[in-house]
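Undergrad: Quick one: the structure is below, and I'll ask about it shortly.
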Amino acid sequence: MSDTILNVEHLNKNFGKKQVLKDVSFSVQTGHIVGLVGPNGAGKSTIMKAVLGLFNYASGTITIDGEPVSPTSHKAMDKVGALIEYPGIYPFLTGYQHLELFSKDSTSKDQIMDIVDKMKMDSYINRKAKTYSLGMKQKLGIALALVDRPKLVILDEPMNGLDPQANKDLRTIILDLAKQGTTLLISSHILSELEKLIDDLVVIDKGQIVYTKSMAELESGSKKLLVLKTSDDAKAKEILAQNNYQLDNGDKFAIVENDQTKMADVIKLLSDNGIDIDDVQHVHSDLETSLLNLLKNDKVKES
Amino acid sequence: MITLVKQETFKLLHKKSTYAVSATLLIIMTVFGVLTRNYPKYWGDPKGLFVTMFTGINWIVLFMIAACSSIIAMEFQYGTIKELLYRKYYRGQILVSKWITMLLYSIYFYVLAFVWSMLLKVVLFNNKFQLSDTYQPGHSVINSMWLGIVGSFLTVWLVLSLVLLLANIFKSTAAAISIGIIGYFALSIISNIMFVLMQKWDWLKWNPLNMMNLPSQLVSSSFHKMTLLSTPEMVVGSLVYTAIFMAISYVIFKRRSV
């Protein structure tokens, strides 16, 4: 069990009559950053809470590092740090006191100050939390998840309320942690941010896993386009088609790129035929586009 | 478990209200002491006041009701319940650590009020009465005070177990505090009706409100004619009710999804 740190198998969960998780199975490789994405109410937080042993579930198994997790079996939680939904903060304690309170005895003061430093919270860490802004509370919540240097970190919407600088800092911290072998399971709506971080993607919709793949696979599966703007688009299309270039069916004038496509050849071909090129752009379909397509074609039916 | 109790104590000690409440208790006790010393005509017998720890025994109930409802409900209110629960500890341990903290807190209050009562006695009423004076037939002043404290402690915990349960169910301090306070003071209002009804239906003597008469019965031996229960029966009854409320709390807390 050394390479899989988290394993979820056939997880089912009901809230009353409504089934919120249907046969959810996925696993998380040690040292990977995994993105858990899906529309609002798809069950992201529910999965995370189940993984943290906060929920009873109807059936299925969850193991962390080989140890089973349920509300009555919490031993594996020693290796886990988490931030779920919104950070839980006592208004009468300072940020530092929160870290002191929730960190393990084995976590030194230096370790606490290290995370404070990395999250750039020094200026207000000794102030009472009731004076904190939303972003400050969020940072404290993230710091609480990371302070014990857990093997598995679960972050639910960690970018909520963070300013662009804090966002960038968080990204650096997450990538550093992953390099050191920490595994992270992150959910976020901000797909452009998530895209910069994750190795693997788990997509959930209406309580079911609809897609699990590595980012590399996702990228290779998506179309890459060469978007052109020329003095005579109609003629250019004709010439390119005659030369076996595949044209995209979209609104824009674009060639679907493959391994053989060379921009220089395209430019040469068109200019030899007396067509001026005004602009050329490479366009990759990003995570957002891929994901929206995926959810649109999604075969999951509402029950 | 020790770690968890330490963490609960840490939170309690970092609340300003903890200190404010202790100070308030001492101030109220002092004010009652001074008034009784200076205006004995209006404020009655200093011995009676001393036995109730200068009214401290009643205030402790109020403060403990507030503390018990807040130690449970605040975690839901602040959203910290998740952080408490997803750690390596078992749910039961989290709840029991809160109970232990509250038990220690209640003991602290009684010790504080007792020590302060002794001080006030020496400073304000040194010549007025002796601790060995007779207060109730067969009971000296200090003896009556001890019995009052023991009886109050048992009944307070009966109320507190209910408050802890309500805070757990409603996740709100307001509901738990109101019902706790009303429950505790309802006794004096409805006890007469209750005693009449108990004459008619004997089994009613086992209702939890009747257990709340324990402090009175401990000091005054004739009280059992009203409560229809012997003192040991009442002690056991209080403990059993406390245990029942605690057990329900425990089951609810363990099953709750957060």
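Cβ atoms here come from the backbone N, Cα and C positions, even for glycine.
As listed in TrEMBL for this protein:
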- B:18-36: transmembrane segment (TRANSMEM)
- B:56-78: transmembrane segment (TRANSMEM)
- B:99-125: transmembrane segment (TRANSMEM)
- B:145-167: transmembrane segment (TRANSMEM)
- B:174-198: transmembrane segment (TRANSMEM)
- B:234-253: transmembrane segment (TRANSMEM)
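Could you tell me the structural context for the features on the list?
TA: Among residues of the same chain six or more beyond the transmembrane segment (B:145-167), those with a C-beta under 8 A of the stretch's C-beta atoms are 50-53, 57, 60-61, 64-65, 68-73, 98-99, 102, 106, 110, 114, 117, 139, 173, 175-177, 179-180, 183-184, 208, 211-212, 214-219, 235, 238-239, 241-243, 245-246, 248-249, 252.
Cβ atoms under 8 Å from those of the transmembrane segment (B:234-253) belong to residues 91-92, 94-96, 99, 154-155, 157-158, 161-162, 164-165, 168-169, 206, 208, 210-211, 213-214, 217, 227 of the same chain, restricted to positions at least 6 beyond its ends.
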Undergrad: Should anything in the same chain at least six residues away from the transmembrane segment (B:99-125) have a Cβ under 8 Å from its Cβ atoms, list it; otherwise answer none.
TA: 1, 5, 8-9, 12, 22, 25-26, 29-30, 33-34, 36-37, 46, 50, 53-54, 56-57, 60, 63-64, 67-68, 71, 131, 145, 149, 153, 156-157, 160, 164, 246
Undergrad: Sequence-remote contacts (6 or more beyond its ends) of the transmembrane segment (B:56-78), Cβ cut-off under 8 Å?
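TA: Same-chain contacts beyond the flanks: 8, 12, 21, 24-25, 28-29, 84, 98, 101-102, 105-106, 109-110, 113, 116-117, 148-149, 152, 156, 159-160, 163-164, 166-168, 170-173, 176-177, 180-181, 184, 258.
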Undergrad: Short question: which residues 6 or more past the ends of the transmembrane segment (B:18-36) have a Cβ under 8 Å from it?
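TA: Sequence-remote neighbours of the transmembrane segment (B:18-36) are 12, 42-44, 46, 49, 53-56, 59-60, 63, 66-67, 109, 112-113, 116-117, 120, 124-125.
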